[in-house]
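Quick notes on the structure that follows.
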Amino acid sequence: MAFLRRSPRTVAPVPTSSRRTANDLRVGETATVCCLKDPEMALKLLEMGCIPGTQVRLAGRAPLGDPLMLVLGDEEYTLSLRVSEATTIQLKA
Amino acid sequence: MQETPTAPRPTTLPPSNRPAADPHLPRLALIGNPNSGKTSLFNQLTGLNQKVGNFPGVTVDRKTGMAQLGGQRRAEIIDLPGTYSLYPKSLDEQVIADLLYNPDAADYPDFVVVTVDASNLRRSLLLFSQLADLGLPAILALNMTDLAAERGIQIDLPALERELGVPVVPMNARKGVGVAALRIVMAERLAAPPALRFWEPEGDLLPLVRQIRYYFNLHNDYLALHYAHQFRGLRFLSDDDRAYLLELTEKYKFDSTARQAEETIGRYARINELLLEVVTVTRTEQREPASNKIDKVLTHRVFGYLIFLGILFLLFQAIFAWAQYPMDLIDQGVANFNELLQNNFSGPLVRLLTEGVIAGLGGVLIFIPQIALLFAFLAVLEETGYMARVTFLMDKLMRPFGLSGKSVVPLISGLACAVPAIMGARTIESWKDRMLTIFVTPLMSCSARIPVYTVLVALVVPDESWLGIFNMRGLVLMGLYLLGLVSALVSAFALKKILKARERSYFIMEFPVYRWPRWKNVGLTIVEKVKAFIFQAGKVIVAISVLLWVLASYGPGNRQAQAEAQVQQQAAAQRWPAAETERQVASARLETSYAGTFGHVIEPVIRPLGFDWKVGIALLTSFAAREVFVGTMSTIYSVGQDADLGTVQQKLANEKDINGQPFFTPVRALSLLVFYVFAMQCMSTLAVTYRETKSWRWPLGQLVYMTGLAYAASLLVWQVWG
């Protein structure tokens, strides 16, 4: 349950706040999901297939910069989510 | 309650003891992820054999249908809302829990058909694995096999069947491929639940789960676990049951969020293992899916909005220009039919038929072209996957007003009818966003206002073009719609400041792949909506039309007879021609009728808006439903005029004020139009708002706020320019 940064027993290798999140991706850039910060948001993300270890690619942003379009897995499907939601998805360095 | 009871709650027999050969029609539930082709499959299986009702106690649409299975068998199918898991995140999804967790429920399905997106098997199987672990007999409808093949995904079907332990039917529901095979599989009435388990509660969960299982006499640990997770939302549990579960979960320090996450991760681990055996992906080349290319255009910073505006423009063109021809035909047809009846028969019954029933019926029928076109448009936008992109494009724009991108679809649907639109707001998970959307949606000009708009606009705005291209009437209509939209946004903004959020709001959603619409689905949507309109709104409209005719034809005591005698005397003295006498008599009779008396009573209130007692009658009846306006005007003015039953518009144009000038001047018409833009005049909307918000505060708020706004706006128009 290391992806859930909610209880003190979670041991994170680096301070999670300094990690890059899905919101920091450049358009077209691909990265791997490391952990999900917010427990409740995590449930929703997990159900929709955004699991630690999955590849994500920022396919684009809405004209005003928010929400984002994230392509999950190997071009499998596209999620649309707000910046505030994307920042709960932390990426592997 | 000091100690938790340990004896089992007395209940009926567990489901395994249900009689095996029960005579009732097999009942099956269709369940799957959003965009997994569930609706297409439902339409393929049932065709026109569908019924839309409500789940008990909630307003979630309960679509059922009769399906012909193989071997002359039939089955009842329930279409459940799309969901990603059995842990509900919205009201829609709650319905599924209520249905599947209560084996004693009357609706409890004999088995489930799970639609699964073959191109996205891992995520789709999450829901399937939960259903299988609940112990429900299941069939896997492996949908979108064409898309999977396109993406180089090969699925070993025998291996998948073996690994899942249930029948797997590959199909392409949109094209109808595989539906016949599914019917045959369904006919073999599955008795045994799948033997395989994907994930089971274990370790420190077991003491809690076992106690719940024993107490409620459940057949399976996983079901008991769901009781622990969801007891707050399960409607079939009694208060005592809930108190018991609350106590238990507290005793065992049950952390629902963490446990759910654990379970989901565990399931994915198992599913990944399984998929290794079953799926091989051969990528011929890394090419970008067509959907992504289309997205680059449709969500472009400039073209995206231009295209959206273009589509809206086309929508209005369709509703106002294209729909006009069939509407004129219906209008003229009804008028001709009435004339025919009046010329050949006479008597009070014929008058009731022509001026009451048929006039009212005409007011219902005339809506059909517009409703059909609007829902055709909305259905196509939904079917192609474009609606999700609209949400994406509009989210940031809507947020300053306290709304979200998800509010756009209800607001746009509000252009058709606020009732389904408000129900459509159920997809908004955040309570505050949802309440705001529900509250302001009736300000969007719904199709019931169209007849009011078109009749009054056509009456006072010349049919000329501006700069050679823009039709003046079209421009005024667009202005009315914009007025509605702006007032909705401003109202949401104001309400946003007052209302406090109850929980965080989610926006996340999946973009469906762009697809050509299936015309069968579009057609079924149109049929369903038109039918709902005719049989639900239509009944009210015709009933009110008849009531109105009675009210307008008869009066209290002998006042009508007195007024008539007075006019006859006057006519004799001044030697009026017969036609003029007849007209004056009818007018006098109307003024002294029940309706006229009613109109006179409220006239002082509405005179500052430029309305007289005749308009007053129409306003009053419109409070039942706006669409009654035209019917009322038609009834009132046909009573007031000679036997020549022209169209409504002719009747209004002939109406004169006391100086003999046309009564409906542009400013008077504008005042009336503005009133109709804002006023809350729809009982169905109030009723649905009550049902959706579970509180009278919201519908009452809408009634007071919108009607106040309408009065103020009309007052402004008439006092400044009148």
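Glycine residues also receive a Cβ, built from the backbone N, Cα and C atoms like all the rest.
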Region 'Disordered' per TrEMBL - which of B:1-33, B:34-66: B:1-33
B:N43 (Mg(2+) binding site) and B:M144 (GTP binding site), distance between Cα atoms, whole Å: 16
Distance from B:K38 (GTP binding site) back to B:T46 (Mg(2+) binding site), taken between C-alpha atoms, in Å: 12
B:G32 (GTP binding site) in three-state DSSP notation: strand
DSSP three-state assignment (helix, strand or coil) for B:N43 (Mg(2+) binding site): helix
Cβ within 8 Å of the mean position of the Cβ atoms of B:N43, B:T46, B:G47: remaining residues of the chain near Mg(2+): B:F42, B:Q44, B:L45, B:L48, B:N49, B:Q50, B:G65, B:A67, B:L524
Long-range Cβ neighbours of the transmembrane segment (B:702-721) (under 8 Å; 6 or more residues past either end): 439, 442-443, 487, 491, 608-610, 667-668, 670-672, 674-680, 685-686, 689
Most Cβ neighbours inside 10 Å, all chains, among the binding-site residues B:G32, B:G47, B:P81: B:G32
